[in-house]
Amino acid sequence: MGEAVGEPSASGSGSCTGRSRRGCGRRAGRENLIGEHTDYNDGFVMPSALPHQVAAVSRRERRILRLHSADVDADPVELRVADLAPASDKSWTAYPSGVLWALREAGHELTGADVHLASTVPSGAGLSSSAALEVRPLAMNDLYALALRGWQLARLCQRAENVYVGAPVGIMDQTASACCRGGHALFLDTRDLSQRQIPFDLAAEGMRLLVVDTRVKHSHSEGEYGKRRAGCEKGAALLGVDALCDVPYADLDAALERLGDEEEVRRLVRHVVTEDERVERVVALLESGDTRRIGAVLVEGHASLRDDFRISCPELDLVVDTALASAALGRRMTGGGFGGSAIVLVEAAAVDAVTKAVEDAFAAAGLKRPRVFEAVPRRGAAPGLTVSRAASPACTP
């Protein structure tokens, strides 16, 4: 079925089992079943966690942050804690160092650390590899006895990515990586981080969810992602609401009419409002046991991302078109867009046929072979707890 994503090992000097280390954190990547580009609009999302990244961490009293990644062919990087500042680092180290900056900015007096990272989350695949790189605060939380809860760590990681790295991402990735449970999808209200764990055991129902990494890379900080976010904020301002999640689905036509000739903004608003409704529809279908019917909702979601939000690409469209022609139950792109991955819902018996059809289509188009693997919902870095929409966020580490 193509390549598998396994559990990484923080081997060598950073081994999680080594006596010299004093902490080990685990954080997951994620796939998002439905709810794309809704998190920074205070809407609903529904991610599940993928296999973990591992970080081995030890505390240093010297104010030096020493970073090493098993996935980067380079010597360890040493940074002075006092020199950490937004826009000071544009390499992969910006993600873990940004979290230390955010923790210190929030008033937590930390010294330094040795950090060794290992990951199987593909970079640029739309699977939250950046959030996985922020694994270290989970171990730091224990090492320094900070007593921060999962949702607080998620907020700090988001601030690190927004301010320190310069990527205008929402809160979904960080919360999913921290709070997802095995065998479940996380129904998350990104406005207040209230959440509900929805059972999502496809194997028990004779189905599988495949992730197809097109190997086309993207970068959120290169402009297009930010343009969409700015357009959504403009739409909310024109409609007189705090965020687009405040536009009821039943009032969408009236809202679009109020936007007049702002065609680009109209498209963005239409996607966000209809996507929120799609998330709620998928939740209802899963809770009623109508799991196969979510495939049609995934198809709708891809059309909206392609035609209204305009963040798909030829490689992603090739995956979804080929999969649907090969008897897939549903498919759509996932992640920030402009490359990355698609998810494909299939009957278990059709996994090999659909995988081969996609691989053959890429070969015929002269493209690099896609990376195909099964998405089995895993536990993230911390268990999630069910809370009501009006209650306080409740994912505890």
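Note that the numbers count up from 1, one per residue, in the order the chain is shown.
Cβ atoms are placed via backbone N, Cα and C, with glycine included.
Feature annotation from Swiss-Prot assigns region 'Disordered' to 1-27.
Taken from Swiss-Prot, the feature compositional bias 'Low complexity' applies to 9-18.
The site 'Transition state stabilizer' annotation in Swiss-Prot covers Arg30.
Among the features that Swiss-Prot reports, substrate binding site is placed at Glu36, His37, Thr38, Asp39, Tyr225. Counting only residues at least six positions away in the same chain, the Cβ atoms of Ala167, Pro168, Val169, Gly336, Gly337, Phe338 sit under 8 Å from the Cβ of Tyr225 (substrate binding site). DSSP gives Tyr225 (substrate binding site) a helix state.
Under the DSSP three-state reduction, Ser69 (ATP binding site) is assigned to strand. Among the features that Swiss-Prot reports, ATP binding site is placed at Ser69, Gly124, Ala125, Gly126, Leu127, Ser128, Ser129, Ser130, with the record citing sequence analysis.
According to Swiss-Prot, the Mg(2+) binding site annotation covers Ser130, Glu161, on the basis of sequence analysis. Glu161 (Mg(2+) binding site) has a Cβ environment of 28 other Cβ atoms inside 10 Å.
Sequence annotations record features per position, and here Swiss-Prot assigns active site, proton acceptor to Asp173 based on sequence analysis. Under the DSSP three-state reduction, Asp173 (active site, proton acceptor) is assigned to helix.
There are 29 other Cβ atoms within 10 Å of the Cβ belonging to Asp173 (active site, proton acceptor).
Counting in whole angstrom, Ser69 (ATP binding site) lies 32 from Thr38 (substrate binding site) by their C-alpha atoms. Other residues of the chain with a Cβ within 8 Å of the Cβ centroid of Glu36, His37, Thr38, Asp39, Tyr225, the substrate site, are Gly35, Tyr40, Asn41, Val45, Gly170, Met172, Arg228, Val272, Glu275, Gly336.
Put plainly, the binding-site residues Glu36, Asp39 were compared by Cβ crowding within 10 Å, and the winner is Glu36. Largest CA to CA distance in the substrate binding set (Glu36, His37, Thr38, Asp39, Tyr225): 13 Å, whole number.
Among the binding-site residues Thr38, Ser69, the residue whose Cβ has the fewest other Cβ atoms within 10 Å is Ser69.
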